[in-house]
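*Asks:* Okay, here's the structure, questions in a sec.
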């Protein structure tokens, strides 16, 4: 097989974007009929020493046309629908007094036919790519495990941090790692997150502070230990609003809830505010002072939070983003970006991980399609043509997601009246004007 048909591909970063790409590409090549004349060598480099070496964050709602579609092309659809939390789509919006302004009242999409029947093939033919698919939840760690388990064990090199990336004299790219080793690759994919080293090779445009910071705390045993918290949050998401502030509570797997106390503030506020962030116990009074006039039931989300043994139980997360109108980069042979490295956005539309997974599946499919035809004529490079096609497709889609996210953030954290937020919430939650509960007195 010609060398061009056996490229060495490096994926930097083991998040949803990089894992999706590797899983989809390997599955599609292995199951292609007729056989694709293409035998890629894929190595994914992850700086963490193991999957469980750090907390991976909360839960993700996977959309039918992006995240769910990606898992379908990775051959993981049947496994996903068996573990996805469709009930996690439950959502309600409150104001700071505790008044419920909007709820979807358990009305949401999915699961697909067959998923509840143990004797039937799960999920049928896969997602429909419409709102009928719903947006079921899956914890980040569980999603990563699903993708990792689909890969040959040798695909991922753990504890392998990239320290340098440069173009070599042969036209390939050389990666140097923290252990002093190096290797060359025909294609390097930067799936290395917000502060991507790969991105710096392509463009000087870097993330900037969004003006919003989240303070994350966690509660455990919300159904058995503190059942009123479980009832308050429900099976999905609770959002409570006031002027330029938000409490966002998110149900996770296993009786756990993550809560994000969110506010507009200066980038330096966490170090200038005087709050002791070393533990949730030390920080609790300072956080409570910021939300002192909020309903007691909402403040219980702070007062009753706990910390896993040996952990501070709190994380301060300033949110960064790339400019929606200036995140693109000029094409450069042998290197590209996917996920947050390509189009970092805040979490206010649930688009980040879904767009990242769409990147992974779209690039993988573009590469397979480029090699499906007979051997290319002299001078053509199917791998580079595939990357160009992926970038041209991704840029406008990512821009639209980034703009939706920015719009959501500005509405969620604003001084608008409840009525305007109600109208906006209907659009976000995809609730029609008629036939749904709105205001609970």
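Numbers run from 1 along the shown chain.
Every residue, even glycine, has its Cβ placed from backbone N, Cα and C.
Taken from TrEMBL, the feature region 'Disordered' applies to 104-137. The feature domain 'FAD-binding' is assigned by TrEMBL to 334-373.
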*Asks:* Which sequence positions outside the domain 'FAD-binding' (334-373), separated from its termini by at least 6 residues, show Cβ-Cβ distances below 8 Å to it?
*Replies:* 5, 13, 15-25, 28-29, 32, 36-38, 40, 60-63, 65-67, 69-71, 73-74, 135, 140, 165, 167, 171-173, 185-194, 196, 198-199, 201-202, 207, 210, 212, 319-322, 327, 382-387, 389-391, 393-394, 397-399, 401-402, 404-406, 408-409, 412, 428
*Asks:* Please list, for the domain 'FAD-binding' (334-373), how many residues fall into helix, strand and coil according to DSSP.
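*Replies:* Tallied per class, the domain 'FAD-binding' (334-373) gives 25 helix, 3 strand, 12 coil.
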*Asks:* Note the mean pLDDT of the domain 'FAD-binding' (334-373), expressed as a whole number.
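*Replies:* Mean pLDDT, the domain 'FAD-binding' (334-373): 95.
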